[in-house]
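Report on one structure; see the data block that follows.
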Amino acid sequence: MTKTLPKDFIFGGATAAYQAEGATHTDGKGPVAWDKYLEDNYWYTAEPASDFYNRYPVDLKLSEEFGVNGIRISIAWSRIFPTGKGEVNPKGVEYYHNLFAECHKRHVEPFVTLHHFDTPEALHSDGDFLNRENIEHFVNYAEFCFKEFSEVNYWTTFNEIGPIGDGQYLVGKFPPGIQYDLAKVFQSHHNMMVSHARAVKLFKDSGYSGEIGVVHALPTKYPFDANNPDDVRAAELEDIIHNKFILDATYLGKYSDKTMEGVNHILEVNGGELDLREEDFAALDAAKDLNDFLGINYYMSDWMQAFDGETEIIHNGKGEKGSSKYQIKGVGRRKAPVDVPKTDWDWIIFPQGLYDQIMRVKADYPNYKKIYITENGLGYKDEFVDNTVYDDGRIDYVKKHLEVISDAISDGVNVKGYFMWSLMDVFSWSNGYEKRYGLFYVDFETQERYPKKSAYWYKKVAETQVIE
């Protein structure tokens, strides 16, 4: 049976400042930790990325032509405050006013994120969100933006608090590149959630117009053998690290007893302790019912198997299928069922996981209000032929995920939109320029844009709301 989506559904495309803009030192932009980290550790940098800093009128015109009626944009904190605090950079402010005006001119609603992996270097090198002073700096930056950019109707505090802690302190593929420090992972999650809560409360107390929420990456975790209690436990612990700890903070305003039991077990095995304060929980509690929406970024699921041994994680950044490894002491290891398809980067393709995650939010956090799927898409080594890309695999991937969103809506969940990652090809943080996601192919040499086959397909779905 052909499935449909509501008439008022947002069919969006997603971007992020650092992955798309380029112009990393232009017009007074301050440095971010990624600038030097990429130079020192990777085979690429964020120059020129997709040159969105200059080419945004082209991308927004294409968006309008191809039925894309929403765009995720992030503000680069260091374009507004080059050192994260203190002096404002007027050229950065002017750029975003111009960008938002162009969005509205093209009838593409901007959903604006304040922080997408790019803390200004001055604050990042001072402990990033492990340093509680940076909570204050973030809230001040948020307040400036709420006041200044009154043309924005949809605000998101953070993009993917989970993968920030994970990338910076567990896998170690994000600056500062620390590995296997679970206490830092949870402390980063917690302090960022307090920052989120305080910004949301300020937004509501000040009576700003528009809506505010947060974007969480929520990869669904399953036991490898659902009949084995040890595998079930491994999946539960892995879910706490990546999903439940953060969701509890967002919607319960505290961590449930079951969540804290899991956290304490993980820290007993791996070492370290957390600094969780009374005033933190007061802030979390005050904001728990104020989120207007939850953004869910979903790409994949994982299967977990019980495991007794030391932590070892190998990140597959070059698309060499089968080269990744993930096992955490006291938690478990990832082991995929043989019959589930994977990308070249070992990301498991499992649309059912998105449905299950959406239904979990509805069941466990009934105060969620509404959901946007704020990222979903297929990273691929696209072949550019005849000025396009025949990306049937991407079409199939997006189609199947839109279908389960339709199912979730039928089953009573309030899902209001979908943003494909990514609008145009951008650079991928730890995978470079080879891993493409866009509806529009970018020739990174010339910065020309070419609609892929998926763009024509997406346009038809957006126009008809029929998934076929």
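If you go along the chain as it appears here, the first residue is 1 and each next one adds 1.
Cβ coordinates come from backbone N, Cα and C, glycine included.
Lifted from Swiss-Prot, the feature list:
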BINDING   Gln19, His116, Asn159, Glu160, Asn297, Ser428, Trp429, Lys435, Tyr437  D-galactose 6-phosphate binding site
ACT_SITE  Glu160  active site, proton donor
ACT_SITE  Glu375  active site, nucleophile
Cα within 10 Å of Glu375 (active site, nucleophile) - qualifying binding-site residues among Gln19, Asn297, Trp429, Tyr437: Asn297
Three-state secondary structure, which DSSP defines for Glu375 (active site, nucleophile): strand
Tyr437 (D-galactose 6-phosphate binding site): tally of other CB atoms within 10 A of its CB: 26
Residues satisfying Cβ distance under 8 Å from Gln19 (D-galactose 6-phosphate binding site), sequence separation of at least 6: Ala46, Ala49, Ser50, His116, Ser422, Val426, Phe427, Ser428, Trp429
For Asn297 (D-galactose 6-phosphate binding site), the three-state class that DSSP assigns: strand
Rounded distance in angstrom between the Cα atoms of Glu160 (active site, proton donor) and Asn297 (D-galactose 6-phosphate binding site): 8
Nonlocal neighbours by CB distance (under 8 Å) for Asn297 (D-galactose 6-phosphate binding site), same chain, sequence gap 6 or more: Asn159, Glu160, Val215, His216, Ala217, Leu218, Ile373, Thr374, Glu375, Asn376, Trp421
For the residue listed as 'active site, proton donor', the number of other Cβ atoms found within 10 Å of its own Cβ: 25
Sparsest-packed of the listed binding-site residues (Asn159, Trp429) - C-beta count within 10 angstroms: Trp429
Maximum Cα-Cα separation (Å), residues Gln19, His116, Asn159, Glu160, Asn297, Ser428, Trp429, Lys435, Tyr437 listed as binding D-galactose 6-phosphate: 20
DSSP-derived structure type at Asn159 (D-galactose 6-phosphate binding site), helix or strand or else coil: strand
Local Cβ density at Glu375 (active site, nucleophile) - other Cβ atoms counted within 10 Å: 24
